[in-house]
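Okay, structure first, notes after.
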Amino acid sequence: MQGIDLFAKDRFVILDGAMGTMLQKLGLKPGARPELLAVTDPELLRRVHREYLEAGAQVVYANTFGASPHKLEGSGHTPEELIPAALRIAREEAEKYGALTALDMGPLGELLEPAGTLAFEDAVDQFARMVKAADGLADLVVIETMTDLYEVKAALLAVKENCSLPVIVSMSFEENGRTFTGCSVESFAAMAGGLGADGLGINCSLGPAEILPIAKRLCETAPADAIVFVKPNAGLPDPATGEYHLDADGFLEEIKPYAEIGISVVGGCCGTTPDHIRKLAAYFADRVPAARQSEERSVLCSATKLVDAGDAVVVGERINPTGKKRFQQALREGDMDYILSQAVSQADAGAQMLDVNVGLPDIDEPAMLERTVRALQAVTDLPLQLDSTNPEALARGLRVYCGKPLVNSVNGEKKSLDAILPLCKKYGAAVIGLTLDENGIPPKAEDRFAIARRIRDAAASYGIPARDVYIDCLTLTASAQQAEVAETLKALTMCKKELGVRTVLGVSNISFGLPCREYLNVSFLTLALAAGLDLAIMNPNTESMMAAVASFRVLMNRDKQSADYIARYAGMTVSSAPSAVRTGNGAPSASGGQGMGLAEAVEKGLRAEAAAAAKRELAEKPPLDVVNGILIPALDEVGARFEKGTLYLPQLLQAAGAAQAAFDLVKDAIAAQGTPPVSRGKIVVATVKGDIHDIGKNIVKVILENYGYSVTDLGRDVPPERVVETVRETGAPLVGLSALMTTTLPSMEQTIRMLREEKLPCKIMVGGAVLTPEYAARMGADFYAKDAKQSADIAKEVLG
């Protein structure tokens, strides 16, 4: 644990700068694997480490960023060979300066399911191999340059399960404060902090000035006991030269404000050199970091959506088999489509979280909960509440969930606490505590309060803070235990005021056995909210209940300027509002309650629903009318929301998958007519020579195929000659070229030049993180595509 001592918050710690930048300056060829230098040219690595240490770096990252099994495929080398070699080189130099050595782990280069094809446990296994290969040679582990929160979880679990070293993790954000998969700073802080990361940071992608507002948000939301760090690029790159625009002095000027926001660790990423680090070390040597003002909020999250428990949160209760024969049948038959439809319906009605209970005596609950969690997080961005008392089921569901979930529940029995709380701690989950124990539910508020305090204290003993404990004082039926209704509300208020916890109730149990249940439910919900209820587990499809919550938020000044209330009810009357079928933003649904249409199924990413709707449409319309009149407009609508930032890459890809399910039926219908297969045109895509990063190109391929184009994918590290040959053979009117690194832009330029010299009648679109529209034009490309949606727009312009 010696590494963590250096991260005291009363001093600044200086990290090293860019390894890749230095290696390229010293002659590393574009496309070469820098990790191989540990065995082919160890002296070169020693030189780079030494220069950073002489400049004042106190932590050096070993040259292991891309030493994962996937990235080393075809190299003839393994992590077990390269990682120890790289760490020994770094450590030998670091020890001369009293500095620390970090195992550096970067992204695996593949998107995880459901957005991609890499299984979660396969990702964990790859990172675990890297961690095990570093045995005894590193002082800490660094996980960096991540853009997928699910991959962050895989890496953190691999570290926590295979070593006891401190671990810090950083993600790469765009200027909108989200990663390219849509992960927000707040979700990153909630999940990674919950999983026990010792430090949270931001690196790469942007320069210090652009990262500053994002870093401020991270300082506000990261756990108080975690350090916050930054490793910005040296500004923004010039694609023409590959050089970053900030020299050492300019870099320092832009990073000076970080001293005042609570950052305590600084370094440099792409484009930074020992000169940049020397300036940082000198400037921060005699300065003390500003105290960080962490908000310490009670939050729950998915990868893209954060819920603050202090805002009267509605938890949808419908994913639960209790008393629901149709749901029980779906569980027994493994009918995931029905379960997903329940999730979508509740999200459309305005639920902010979803309770997930799949417990039946005659099914494999652990397997079903894991399967359900995987399926749900593919179609909804609402945070999940995993509802089970089965520790094995919870362990499997928690492991595959991407975000910070809520566990429902523990009770005051020692057996329950000892079985469930360790799982919550390991997986960074918050937990609901029921105020009952081996003696049942106490009738008096004071006795329920005593159990609540016992649960809170037990959680604290496992390292779970009070803000992550949600006490359920238990709703008893007014028909049978009328005198105890007031005791529930009294206990709720006591817990809220005296224990520092959050509160939760299942609302609808209050009316069981009585007529006109909705009246009682609404009245009890209102009383509970006034008493301090934070999370209401209820049916969001009951509009009067949702109206009570919306009204409470307005009257308690939580819904500022009544913005949410107006969005939900504008243009409606009291008599019409309860009967409206709503979408998530409060607007009436186009389906009008008559079943999900094809466009809606595509927009929501529901494959089975899309296939069923397509079958209905094809029974009445020609196949091409279905494509051009429904599928393409639906994809356009999803794309427009993606561009506006109201949905993110996972939802875009799920919509593409739903469209593909419909397209498959369209193709079958066309084949049955004996006509040629439908295709809107041919496109060739490739990642250029020397570049092995093809996530972006793969996403473009998926989107283009689901717009009906025939795509020939040449893969990554593709020579210009092969691109030319393929375009000539296929006659494709459009070529898409991708490059992630500035060092491979010359390969892109050469490919474009060869296509022009051969006078092939094709248009060329280019994309990649380092490109700009200006440089794309300068290279001779016809189009610059900033993302997958724009590539589809270009394809429509060229091919129709």
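Glycine residues also receive a Cβ, built from the backbone N, Cα and C atoms like all the rest.
TrEMBL annotations: computationally assigned, not manually curated.
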What does TrEMBL list, out of Cys204, Cys219, Cys301, as binding the same Zn(2+) as Cys269, Cys270? Cys204
DSSP on Cys270 (Zn(2+) binding site), three-state: which is it? coil
Quick check on the domain 'B12-binding N-terminal' (585-678): DSSP residue counts for helix, strand, coil, in that order please. 65 helix, 1 strand, 28 coil
Residues sitting within 8 A of the centre of the Cys204, Cys269, Cys270 CB atoms (Zn(2+) site), not counting those, run Ala18, Thr145, Ser172, Asn203, Ser205, Lys231, Pro232, Asn233, Gly268, Gly271, Thr272
Tally the residues of the domain 'B12-binding' (680-800) by DSSP class, grouping H, G and I as helix, E and B as strand, and everything else as coil. 58 helix, 24 strand, 39 coil
